[in-house]
Every structure is written in structure tokens, then in C-alpha cells.
Amino acid sequence: MRTSAVSHTYWPTTMGSGTPHHLHAFSRLDGLGNATTSSTTTVSPISNNNIVCYAPTMITTNGIWQGDNPLNYSLPLFILQLTLIVCTTRSLVLLLKPLRQPRVIAEIIGGVLLGPSVLGRFESFAAKVFPLRSVTVLETMAHLGLLYFLFLVGVEMDLTVLRRTGRRGLIVALSGMALPFIIGTSSSFLLRPHVSKNLHAGAFLLFLGVALSVTAFPVLARILAELKLLNSDLGRFAMSSALANDMAAWVLLAIAIALSENNSGGGSAPLASLYVILSGTAFVALCFFVVRPAIDWVIRRTPEGEPFDEFYICTILTGVMVCGLITDAIGIHSVFGAFVFGLVIPNGPLGAVLIEKLEDFVSGIILPLFFAISGLRTNIAAITNPRTAWFLTLVIFIAGAAKIAGTLLVALFYSMPFREGLSLGVLMNTKGLIEMIVLNIGRDKQVLDEQSFAIMVITSVIMTAAVVPVVTSIYRPARRLQPYKRRTLQMQRARPDAELRMLACVHAPRNVPSIISLLDASNPTKRSPIFVYALHLVELTGRASAMLIVHNTSSRNGGGGGSGGYGNRAPLSRAQAQSEHIVHAFENYEQHAGGVSVQPLTAISPYSTMYEDVCGIAEDKRAALIVLPFHKHQTVDGAMETANPALRGVNQGVLAHAPCSVAILVDRGLGGGGASRAAHAAGHHVAVLFFGGPDDREALAYAWRMAEHPAISLTVVRFVAGDSASSSSSSSSAAAASASGAGDPKVLTDAERERVLNEDLITEFRMKNAGEEAVMYTEMVVNNGEETVAAIRSMEAVHDLYVVGRGMGVSCRCWRG
């Protein structure tokens, strides 16, 4: 039988220098389909023959001293291309960072700059840096990186987010996807004669509908993080809706590819598309019902805290390529198999290890190749038909407006404010990785011509770039929370019957006893209750985005998770197990303490932005006080050692940006005995070191509440400047007053105003506690820092808890009595 004339690999007859291209192996099929070989043959133009060429010596160079040009060899050329792409995209990332644009924008623009639209217009640059003979290697590496990145996206996705948001998130996703999908499919009948004449109408319909309706989940996560909306109601709603949108888009894309295979030589039987869909469904079932239990078995075999065996890790990484091969053989794109395989990896330590090993290399080095290739394929000069271009652009923007309208209508139906619903619709128009995959597959399958591809890439960049500025101008929750930012503990004291809201942060279970002891010492009563938001702070390691988990304490069942918990999935990761332990501890405290209500929360975010989550939750919950554990903990011998250096940065960030008072809790024994045990003994002593200023006044207001506890004695030590200290301070104050022109006796300087506020608060405190035996007020005269430190050290053996002003709020320092 005579084989068809298909050339698998074709090397041009001349290199960049114009010399013949010599091959060490040359294979050609004769008329009978048999291979004939010869060595050291020069390739010349051959038509109507099957040619398979292999040039092993053209991979690496012998060096410039041997007269070789490195750019004539595939490996040096690929290294140059990769370096150029990474440097260009990274430079654009830095330039666009002030505009708060996602990295995908810089990567696509970088590809456009390097492609035929800009630098590629220079023939010398295109022929030397991006010659046609290098496209195969470049695209192969780009798709390999895409394969592993989609695997990481699947690993990072948490499908339980859909369950936490409930039916609302699913309905918002489907409504935001339905209208643009209908517009895309309807317009496909008008566009198909001008864009894709030879393709099956159903395949073109699905490709265009998916491209117009998809939302990029990974890009949206990074935009929400940049806007600091991840832990807001809007952010959680957008993330869950985008996740559901992505799932639906993958299903439709798989169907579209199956239909396109019928017309691209992938299968001529009428039932070929049905076979592809059924095979894909069987593959998904195999992954979830066979591969998932096997991975759970691997996790159970690995003791908690122990590293995973390298054999298991290598097997999983190899499985990514195997799954890609299977789906590619089925007739679905290979990235679909990698994505599904990532979905079956449970959230937890295994996912964290895989992400740690792949994230930087894949996302930072290899993935930009895919976006760069999308840009290299984008030729603005190919837009030659103005009528088709304007019509396609109009359809794209109408579909975007329809997505906003559909999302907004459903959001209003669920009583979401208009601005939030509008912002949600704009966020759902985020494009990126998924759409680029759809467009590139569509171009490969001849669904889109060069002009349509360029138009859709450019409009995607424009729409995604507009998301951040539009949402910033529409959604401004800071305006709504501005009055709250002026609330202090002193204002709380003006309303003694009001509820005190506290945000108690916990990093590990060892922080819980001291936090509970401090809460009990804060004198919660039915007359003046305390509402505590117990926030477990977890480092982001195995998810695509930060998130806030609200534990439903009213419906917890044993180890279950309620609507907002982790659920009954096994095995639990270390962070999940710690959250369960912390939640149970606070629930138990709430049941046995009077006047305390507890709402457990879990915030998952990187340490670099964790302070933003803490401050955002404090604003959202209108807390008057944030309690943070100190970054050091006490050892057995009484010394203090650093538990995690990153926690210090978290505390410093909260102190600098908190909208309310902040307590840094340094536990040196309070959790061991604690105020709860001291509530039944009269020997628990609290000291306030008062130097003056707004922070010390906040500290005194907080300790004043503690003093109302029947088993706590309070000592307020006011440090007064001595004669030598007061003389120097008075001269500096006079100089400052003269410099500011404060000659009018009715005008007070800032220092004098602070002094008046200090005196007023101290006078009020002494008058209202004049007859209280458990409250003591004393003054210490000090002249310098050394005397101050000596006076404080003399009290170490007397008091259990010290409350002093520090930084932007309150610092609670706990010492063993």
C-alpha cells in the first residue's frame, strides 16, 4: 500500500548563513513505503515525498572557536529564546506593577513585542532569534510547561469551596456564563463564513462560546490578592463562582475538541466524537475512583511530619505526563488530563510538597513560553478585514457586558448591594490562561484564522487589564468602614454595657491556653459580653489563593466541619487537624464561660500578606481589639526562642496597618496557670506601666476592664519625670513652642494636649476606683532610661501580667509570677 505524502519534519536547504544543511542521517520512504537511508546527505527541495530528517549534530555546538554559529543549533537557540522571553516578561511585570496588573498581561504583551507585530517585523531579528525551524522545540517546551502548570492549578483548586458558598456561587457562575455563551453561539452563525469556513458548525459554536464566557480562575485569584479582597465576601463569592465557571468551561472545551476532531482528520466515523466524550468520561472516573484512593494510601503510609518518599513524588510527576498522553490519545488536549490528575491530589502536605517542587520553575521559567508563543502568533498586521474585525470586537465586548449584566441580576436577587454585584460582574470578566488555551487550540484546529486570533488575544488583554482599575473605582469598602476606624477601647469604656469585639489570632494550638486565659481576665459578663473571633492563621502552601474558612459551630458533628469547616475528608492535613483542635478548645471555653461568644475562623494566606487578612477581618467584624501571639515562645529553661521569624513580620504589619488597638501577647506562664484558674484565687496581679500618650491610655482602658474581675488586682504605675529629666524636657518643649509660634495661651501644643488627656484619664481612674482595695495607683520618679528599667525589673516577682503601650496599639506582656 502506498503511504500518503505527509512530511513529519522538514529542514530548510540553507541555514542562516546560506550554506547547505548537511545531515548525518537521512531517511526517505520509497514508493513502496520502505525506508532507505544514506549518510552525510545534503537536503534539497523534494516534493510529493515523505521526508523524515534527523540531525543529531545540530543540537549542541562545537563552539565559536571551531567556526560554529551557536544560533544554528537548537539548544543554544532555545536557551537564548527562553532567556529573552523571561527577561522581557519580567521587565514588563515590574513596569506594570504600579498599575496592579496581573502577570499574565505582561507575559502576553511580551510575546506580542517579540512577535511579528513589533520586533518580528525586522527580518534579521525574526530569522536569527525566532526562525521557523525553532518553532517545534519552543512549542514543545511551552506545552510541557503548560502541562505541569495545569496540574498545579488542579492541585491548588479546592472543590469544597463550591460547597462552602453553596448554591448561590453556582447560580452566579452559570448566569454569568450563560448570557455570553448564548451571544457567542448566536453570533457564530454570522462569523463562521468569515472566520472558519471548513469546520463543523457545532465545534465552532462551542469554541467561540467557551472563549467568550470563560473566567480565568488563577488570574482572578491574583487580582483579588492584589486588591486585598480575598477574605471579603465579594472575594470569596468571586472565587467560588470562577471555580464553577472553570469546571463548566473545561467540560465544554473537551466536547468542542471532540467535535473538531471529526473534521480535522482525527476520525472519520460519525460516532468518533461520541467515542471521545465517553473515553474522556471514563478517564475522569478512573482518576477519581482509582488514582485518588491510591494517593490517599500513599498519604496514610507517610507519618505526619515526615517527608514523602522520593519514589512517590517521582511517580506522581511521571503520572502527569502519562495522563496528558492518555487524553491526547483519546482526542482531548493533553492539558485536560494533567488538570484532572491535579484535581485528585488531596489538599494537604502532599499538595504542598508538589507545589514547592514545581511552582517556581514552572510558573517563573517555563510557563511564560506559552504566553509568549501566544504573543508570537499574534500578528496585528493580519487584521486586514475591517468589517469582520469590528464585528468580532463588538461581539466580544457585548458578551463581556452580558456577563456583567447576568452576574449583577443574580447578585441583586440575592440581596447583594449594587456596587458589589457590579464589581463581581467585572471580576468575572477576567481572562488569562484558560482563554489562551482555548484560542491556541482553536487556531491549531483551524477554528480561528490569523486575524480572528489576533483580535481575540488583544481584546482579552484589554478586558483583563481593565478589571483592576474598574473594580477599584466601583468597590470601595473603606468608605463604608471609615467611621469604624476611629473606634478605640476608650470609646468602648464610654459604653460599659456594649459588647466588646475581639479578634484573637492563633498560629498553633500552644497559643490557645494563654489566649483563653487573657479572655477570661478581660472580665466577660452578661452585662458587658465579649464576642471573640478566634482566627487560626495558616500559611498558604497548597492552594491557588488565600481564603477564609468560617467554621459553623452550630452544626458541628464530632470531627465534621459544618458548612464552613473542612468537612469529613480524610486524611486531614496538619493544618486541618490543628484547626479542628483549636476550634474544639474555643467551643469548650464558650460552653463553660459566661458572657463569651466565640466564632472560629481559619485564614489561609502567605506570611507576606497575612497582616492584610488580619486587618481586613478586624474591619469586617468591627473588632475593637486584635490579640496577636508574640513571635517568640518560652522554652523549658525559661529563655525565649523564636518560633518562626515570619511571625514577627506579621505582627509588625498588623501594628502598622491595624484599624484598632493591637495586643501582642507574650506568654511566660499565663497559659500554664492562667486567669481562669486565678479567677478562684485572689493572688492574680495585673500591672499597667503608664508613661503617657494614646497607646498607654488604651492600655489603661483595657486594664481598667480587667480590674472589674472579682479575682484580679490591678496596680497602675505611673512614671513621672524627675528634676533632671523635666528640666531638659521643658527646655525642648519651650523651643518647640516658640518654633511653632504658639504665643497664644489659648492654643495648646501637641505635647500639652497629650498631657491634658493623660491627666484627665488618670484623674477619672483614681476617682472611680478610690475605694477599691484591689486597685492600687502609684507614681515612680525616674530621671533616665536606666532608672526606668531598674524600676520595672523590681516588679517582676510581684505581678503576673503587664500591660504597656507599644507601637500603634496595646502590648500585653505576660510573665510568670
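Cβ atoms are placed via backbone N, Cα and C, with glycine included.
Feature annotation (TrEMBL): of 7-30, 31-54, 727-750, the stretch labelled region 'Disordered' is 727-750. With a cut-off of 8 Å on Cβ pairs spaced 6 or more residues apart, the transmembrane segment (271-291) and the transmembrane segment (237-259) reach 3 or more such pairs and are scored as touching. Of the recorded ranges 142-162, 389-414, 421-441, 453-475, the transmembrane segment (203-225) has the largest number of C-beta contacts under 8 angstroms with 421-441. Most Cβ pairs under 8 Å to the transmembrane segment (169-191), among the stretches 104-122, 237-259, 421-441, belong to 237-259.
For the transmembrane segment (421-441), the most Cβ-contacting stretch among 73-92, 142-162, 362-383 is 362-383 (pairs under 8 Å). Looking at 73-92, 104-122, 362-383, 389-414, 453-475, the range that has the most CB pairs within less than 8 A of the transmembrane segment (142-162) turns out to be 362-383. Each of 73-92, 362-383, 453-475 was scored by its Cβ pairs under 8 Å to the transmembrane segment (104-122), and the highest score goes to 362-383.
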